[in-house]
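The [4Fe-4S] cluster 1 binding site annotation in TrEMBL covers A:Cys367, A:Cys370, A:Cys373, A:Cys416. Marked as [4Fe-4S] cluster 2 binding site by TrEMBL: A:Cys377, A:Cys406, A:Cys409, A:Cys412. What TrEMBL lists as domain '4Fe-4S ferredoxin-type' is A:356-387, A:395-425.
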Amino acid sequence: MGLLTFKGGVHPPHKKKFSENEAIKILPLPEKVYVYTAHSIGAPAKPIVEVGDKVKTGQKIAEAGGFISANLHSPVTGTVVEFTKLVNAASGLKSDVIVIEREGEDQWELLEKTDDHTKLKPEEIVARVKEAGIVGLGGAMFPSHVKLSIPKGKKAESLIINAAECEPYITIDYRMMLEKTSEVLKGIEIIMHTIGVEKAYVGIEDNKSKAISHMKEAVKNSSIEIVPLKTKYPQGAEKQLINAVTGKEVPSGGLPIDIGAVVFNVSTAYAIYDAIYNGKALVESGISLTGEGVKKPGNFWFRVGTKVSELLDYVGIIEEDKIDRVLYGGPMMGISLPDTELPTFKGNNAITVMTKDVAPNKETMPCIRCSSCVSVCPIGLQPYLMKKLADTRKYDDLTNNNLMDCIECGACSYTCPSGIDLTKSFKTAKKVVRAMKQRRG
Amino acid sequence: MKFKNLSAPHLRTKDTTRQVMIDVLISLTPAIAVSTWVFGLRALYIMMFSMISAEVLDFFIVRVLKKQKNYKPDFSASVTGLLFGMNMSMAVHWWHMLIGIAFAIIVAKHAFGGLGQNIFNPAEIGRVFMLISFPTVMTTWYKPFANMSASVDTITTATPLALLKEYGANKSLSNFSYMDMFLGKIPGSIGEVSALALLIGFAYLVYKKRIKLMIPISIFSTVLIISSIFYFVNPTRFGTPLFHLLAGGMIIGALFMATDMVTSPMTIKGQIVFGIGIGVIALTIRYFGAYPEGVSFSIVIMNALVPLIDLWMKPRVFGTSKKGAK
């Protein structure tokens, strides 16, 4: 039987060998943390502390600024020393940062905890997840309590756990499955209980055979099923994953819940477990520090807000002139950092240091209509045409050609023999179209 | 450390447009070799002359007329030139070819905006132009393994398709066996004679994933189905399905001219429609037209329809079918 997958996609080199056999190590506590009030999706959180306030680890320092927003907690025990602004690499704009200086070892301020989640009502769990400021750790950082609250009139049918980890280099989810197996499974059970489903599927790409067999062993006699998936990028994109596992398609412009699917990442399931059973707010998470430019790549447990340069100091990097770029995340969707003095977000699952010899330096040539971009697009778009429309600013035509369905996976740019920056154009065009919509009302 | 702001994806394939063109050139080498074996060294000279003059002309236009100082050849003109040469008759003179190549590169390619912008396959346009402008030269066919020092009358002959048109299928097949046609021991355009050599080259392109595979499949299936029907109606007048596959420019046209990336449709659905169109038009011309051969014309006609095909044959967008929207 062929493995489950979706249509389209590409096969970038895995590059997981750098860190896949490295057990997760706990990094020493940072001296200073820089916590962005805005995480990538939703309204920024509103600070509730002032300069000079003493805070404990896990103590709330900012309140969610709306429904789609998440609370922030102090990643260390110490004093709030400054409110400042730092560049947010995702948008390129400056955004607010709370700076906390560490004093001594951790003193945790824990949230309410339980030793049996089945005693809690779904609403109580949603409230606790919200309180703990949990966001999706696959990279998009969507607030988890929003996903856990099933809208009226909709019903969750299947829970899908995203353990595809289809981005090259990144291995943290893989290590989580090997090392934190029971915690992750407990987290999955909590989610199942909360959204009221009988069955959960864990989708794992078949290049992680150790994780597949390990997890299969662990879920025996439970209602959690391990689903091996074909290794193909972007297998871990939410819509593609649902399609591979259930055979169903999320309607264009719709949400997974429209077809009864709810998707959570492995590490997010762990974070939910940690909040419900240990009362810990989301202030630390797993990360792969990897890439050709890193001397001792590995997987680590880091505090949110630690500077990238500090993380990289720990693993060591090669000579600066050989380094081409440093990324939040992996090479397919990762965001390149303007400098390494920027701090980490909750959702940073990897820092990838790429050297000049692996980074693309393709010369841009005219499109020869080779149709590679059309055949790899997992959404069935026509990137070559959209690029033409984007270049001539025909935004209405672009919208009619389903621009807004683009998931920005980068498969078209990856495959283009003419080295055309297709994905970049679509990202910009989507921003323009959104802005135009807002102005037109 | 400071870095430039760079856009994802941060990995790319090693494929380049230049490499695509080089692969196409490599894939044509078996056909070049067989043609040289069948028609002699002069065939090789014709193909090389065509290829080099096309590349030089292209370079001149881009470098001097379009003033692109940093331009490095992408070898697309070499592909055009080589295919053009392969579509020539052995009777062609160098100045005939220069006119044809100039038409292909200047009018069919650069007048439309250069690489990637042309609507028609430049090599195919060049051949059609030659066929109309120099009909006698372009339909004077040399016998395979002919002694070039003999007089023109004794070394020229009719192609299988011309015999079919004039005298019917029996005459044509009594002169050439299917094996001759498969190996290339027949008269015809320099590069089109050997189905085997072309198929070997094509297999290389398929292996390298450089080709729109659905186009030849669609053309061949259409030709087989339609010619089977006609063969059933009148076997002596219309010839066998196998004959129509092997004779004339069907193989080179389907494998290397119709599959030209720039001038063929982008989606699988579109490529199937495109192939069906070529098959139908080519056979219509062969059966009822004034020319014995119709592959070139059919490709050029279908090239013109590609923008429409691309407009109508879009891929299905994820989540927009009845299956996805409940």
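Glycine is no exception: its Cβ is also placed from the backbone N, Cα and C atoms.
Bear in mind that the values here come from a model prediction, so they are computed numbers and not experimental data.
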Quiz item: Based on Cα coordinates, which of the following binding-site residues are within 10 Å of A:Cys412 ([4Fe-4S] cluster 2 binding site): A:Cys367, A:Cys370, A:Cys373?
Solution: A:Cys373
Self-check item: The one of A:Cys370, A:Cys373, A:Cys412 whose CB sees the fewest other CB atoms within 10 Å, among these binding-site residues
Solution: A:Cys370
Quiz prompt | Cβ within 8 Å of the mean position of the Cβ atoms of A:Cys377, A:Cys406, A:Cys409, A:Cys412: remaining residues of the chain near [4Fe-4S] cluster 2 | solution = A:Cys373, A:Val376, A:Pro378, A:Ile379, A:Leu381, A:Pro383, A:Ile407, A:Glu408, A:Gly410, A:Ala411, A:Leu422, A:Thr423, A:Phe426
Quiz item: Around the [4Fe-4S] cluster 1 site recorded as A:Cys367, A:Cys370, A:Cys373, A:Cys416, what other same-chain residues have a C-beta within 8 angstroms of the site's C-beta center?
Solution: A:Ile368, A:Arg369, A:Ser371, A:Ser372, A:Pro383, A:Tyr384, A:Cys412, A:Thr415, A:Pro417, A:Ser418, A:Ile420, A:Leu422
Practice problem: Measure from the Cα of A:Cys406 ([4Fe-4S] cluster 2 binding site) to the Cα of every one of the binding-site residues A:Cys367, A:Cys370, A:Cys373, A:Cys416, then give the nearest. | Solution: A:Cys373
Self-check item: binding-site residues in contact range of chain B, given that the Cβ distance is under 8 Å, out of A:Cys367, A:Cys406, A:Cys412
Solution: A:Cys367
Quiz item: Can you count the other CB atoms that lie within 10 A of the CB of A:Cys406 ([4Fe-4S] cluster 2 binding site)?
Solution: 21
Exercise. List the same-chain residues at least 6 positions away in sequence whose Cβ sits under 8 Å from the Cβ of A:Cys416 ([4Fe-4S] cluster 1 binding site), in sequence order, or say none.
Key: A:Ser372, A:Cys373, A:Leu422
Quiz item: Across all protein chains in the structure, which of the binding-site residues A:Cys367, A:Cys377 has the highest Cβ count within 10 Å?
Solution: A:Cys377
